[in-house]
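According to TrEMBL, the features are:
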DOMAIN    34-294  domain 'G-protein coupled receptors family 1 profile'
TRANSMEM  25-47  transmembrane segment
TRANSMEM  59-80  transmembrane segment
TRANSMEM  100-122  transmembrane segment
TRANSMEM  143-164  transmembrane segment
TRANSMEM  184-207  transmembrane segment
TRANSMEM  243-264  transmembrane segment
Amino acid sequence: MTCFDDNVTVSTTYGWDASRAAFDAVMLFLVMVTNASILGVVARRWCTEGMPLGNVTSSLLVVNLSAADFLVGFLGVFHFLPRYLCDLEQVLARHRNLCILRFALVLTAHLGSGYTLIAIAADRYVAVCHALHYRDWITPRRSLALIAGIWVVALSGAMLLFAWNTFDKVGNRCSEDTVLPLAYTLFVGVFGQVVILGTITWAHWAVHRIVLQLRSRGGNSNEAHGGVFAQGEERVSTRASRVLALILGVYVASWAPFMIVLIVRTCKVHVPPTVMETASSIVNFNYLVNPFIYAYNNRPIQKAIHKCVRSFKRKTWFESWNEPSHSLSLSNK
């Protein structure tokens, strides 16, 4: 049963909470395993081939997204455990900093992942809509600076919770209701999601418009000089549009229940704790699927994944680690 929920009995909620605990455990495990596998494939490729940084500009965002989503699963364990272990929640409730840290850590990972999606959307927008300037604008140094900026902003937003909270030691609670202020939830939660969704939607619309323009003159471009280049540009644009559409769809499907509940609660409407917690559990589906959507549509990383799978079929990981391989660029452009 959810800790400190006196409105229901153990007999009526034990089975539901046990099922939800199992669901959370499986989801967090899969989030960590899937994202760690992508990080492992990329790390293996970099170690065996020593690829220069200049060739992995676009793929740096894939790595950062997978790293952020892995942290969502890893830090999510500390966040979710007090839901089902009432004694642990009582311990956290007696220590202000530990209680706030329960939310600040996982929030940092959530924000890092969301802001990386914004960077990915911007990267695809520049790659398609400003293709001639892509390599001049999106350099390795700027990509690393962008990633560093993502984590600085994410960490700042999460650490703000230590100064802006409603923790009450007397209440003997360590939950969203007793720690997260309404204004903080609106600013970081609702406004942040609007910015992320708005940016991805805008980038998808801009890229999709380019795809339609390329298709509308496809017949002429095939006959004209340079038609092969036009066809290649259309393939890149179509793939970028598909990636952004998939990311947007998964993001909306995963976050919609949580955002609806969050908005309802800000309107002072009572929402049972189990509804809020179930909605937050569904959010983890986003971090399970999104890295594979982008990574698998990144051709070089897709090839690296295929080669890694084939190497497992032939020999063990340790035997294939030093296997000589051909040079492969992880640039998605």
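Each Cβ is built from the backbone N, Cα and C atoms, and glycine gets one as well.
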Result, the transmembrane segment (100-122) in contact with the transmembrane segment (243-264) (3+ CB pairs under 8 Å): yes
Chain residues outside the transmembrane segment (143-164) and at least six past its termini with a C-beta under 8 angstroms from it: 57, 60-61, 64, 97, 100, 103-105, 107-109, 111-112, 115-116, 119, 179-181, 183-184, 188, 192
Averaged pLDDT score, the domain 'G-protein coupled receptors family 1 profile' (34-294): 83
